[in-house]
Amino acid sequence: MTNQLGSFSTSFMAFIMSFVRVQNWIRIASMPFNLFIIVLSFTKVRSSLARTYALNISATMLVSSLFTHTYQLMDLLALRNTTCAIALPANKVRPTCSYILGVTNGFLTLLSINIYYFQATLTVVIAYVSCAFPHGLKLDQKWRTNSMFLMCYILAIYVSLTMSFDTYELTDMSLQVAFSVTRSIFQTVAIVAMIIFYCLAVVHIMKHAKKVANLSGSSKAKWNCLRSILIYCTPPNLFLFISLPEVICLPLTYNFDSTNMTQAICAHIDILALVLFSPRMLVTSMSALIAFRDYRVALLKIFRKFFGSIRNKVRFDRCSQQSCTCDMVSPVLVETLLMGLSAIAVLEVTVMLVSVPVNVVIIVLSFWKVPNSLARLYVLHVSVVMLASVLFSYVYTEATGTDHEYDDTQLTSSSFALKFIRDFLRFLSLNVYYFQATLTVSLLYAAFTRPVLSRSFITEKNIRVAVVLCHIIATITSAAQVLSLREMPQHSRTSIVGTCSGIVQLISIGIMATCYIRALYHIFVIMKREDPAGGNQSTAKQLRSMLIYCTPPNILLIISVQMLEMLQKKDNSEGGPRQSGIDEFVNLLRHEFRT
């Protein structure tokens, strides 16, 4: 039994260490959500129970995340290792600033978690009682709500203090055990109350779902509020159930009669609860923006206002240039697709920010740690191009802004050149994948299926020549795409160039699809029937790794086949009859894609 526990502990700690590495990134990801909730609470969202709760918990989590990252940056300063002038008895060791900052950091982190324990439970209780017993206790009155939230905040502070301070050095063991048992009781009561009222609220919602249409305005608002709070609480409550064993284990940690096995299991549960703090904070923040109707409506209004101005400008430009009546498709379809574009735009900005450190790490590892191979050559090449594209986009935005994003005629020659380079690098980062990923998969597939022939032709020199040729083709194709998207004077020549670049890309996609499917067939079908030789086994591992790498981008590659056709819409339609509503809408989406 001891050996099994030791083996489990080793695997468990390996999992925990791999998860700890991404905790800081998870906290960084939660900060913009919390900041956005706070801004919306003061500017767009009216006073309500959901607003009071969301503002309280978001402000606490934002302060906790900011202090955590500030505390980690204090490693660079000597202040963390100095002695703080704290009034303590002479026989006590004066703690360093590092200790004080560490305790404060732990307190704020625990406070952000305990706030959810108590205030989320209180919010569910108030929403359920107000909806199920509208003529009973008036718990949703503003002064009562604020008083109860203040009491929960004080309780969360007390529980967080007892959890964060190292009371063993300041008090005796009996007082430390009393603190632990007390906070365990508070947390257990909060969790049990959350479970009970959550289940009651779900039953109430399901029982009265068909009667909502007959409710009055105030009753319907309370019903919608309860439903939103239940939707919000569902994802964080999964973490709440996970933390329940940790709360139960806490008194057992100080029970000297408990066995070593019990203490070992409780230690594992305690560590798991600690590493789940950051994901719990991120899920709590994201759920507030999605579940609470006031925040969701405010967020949609911002997107509609921003992208509506772009849409109206594009409509006006298209109608003024072609003198058409703009018989657009259904406005509902337009709004739906533009909302999808807005979500993609937010995702694109986030991905661009994350891609910078990822590409830098790949480049550094390629030069320092990774041995020379075909995969290293390909990944290094793609990462350099993508990093250059993202960084130049930032430089372009800071240098020129977006005032003339939709009209090239108002740009100066230098601004036009910068814009041309920016668009060229964007297309180059895509085309490098088109051609060099196709080349890499093709070479690995040839080396796997024809090992004797590949030894003569697939040499290091030939690989480098092929990579250079693919880069030249990607460069020419990117320049042709940029020219085809601009209003160039020689339109017929530009249209031919754009069509040729599309044909080259389609050929590359066809080769990639053929080699990709045949490689999958060889890896998962033929290799199970035949035992490959040792050298071929090594090539099979490289091919398998490349297939795993290419699978997610290839999904986008399939979508890009339709994009290549859409990008030629304008070239094929100009000079002909007036465009239909669908053609006009395709051009609208095309313009959104360009920007």
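From the backbone N, Cα and C atoms, a Cβ is placed for every residue, glycine too.
Bear in mind that TrEMBL entries carry predicted annotations, made automatically and left uncurated.
Listed in TrEMBL:
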TRANSMEM  25-42  transmembrane segment
TRANSMEM  54-71  transmembrane segment
TRANSMEM  115-136  transmembrane segment
TRANSMEM  148-165  transmembrane segment
TRANSMEM  185-206  transmembrane segment
TRANSMEM  271-292  transmembrane segment
TRANSMEM  337-365  transmembrane segment
TRANSMEM  377-396  transmembrane segment
TRANSMEM  433-453  transmembrane segment
TRANSMEM  465-483  transmembrane segment
TRANSMEM  503-525  transmembrane segment
The transmembrane segment (433-453) touching the transmembrane segment (377-396) per 3+ Cβ pairs under 8 Å rule: yes
Near the transmembrane segment (185-206), which residues from the same chain, at least 6 beyond its ends, have a CB less than 8 A from one of its CBs? 114, 117-118, 120-121, 124-125, 127-128, 131-132, 155, 159, 223, 226-227, 229-230, 233, 237, 240, 243-244, 247-248
I need to check the long-range neighbours of the transmembrane segment (465-483): which residues 6 or more away from its ends have a CB within less than 8 Å of a CB in the stretch? 377-378, 381, 420, 423-425, 427-428, 430-432, 434-436, 438-439, 443, 494, 497-498, 500-501, 504-505, 567
Using a Cβ cut-off of under 8 Å, list the residues of the same chain at least 6 residues beyond the transmembrane segment (25-42) that approach it. 51, 54-55, 58-59, 61-62, 65-66, 68-69, 278-279, 281-282, 285-286, 288-289, 295, 298-299
What residues in the same chain, six or more past the boundaries of the transmembrane segment (115-136), come closer than 8 Å to it by Cβ-Cβ distance? 49-50, 53, 56-57, 60-61, 145, 148-149, 152-153, 155-156, 159, 186-187, 190-191, 193-194, 197-198, 200-201, 204, 218-219, 222-223, 225-226, 229-230, 233, 236, 240, 280, 284
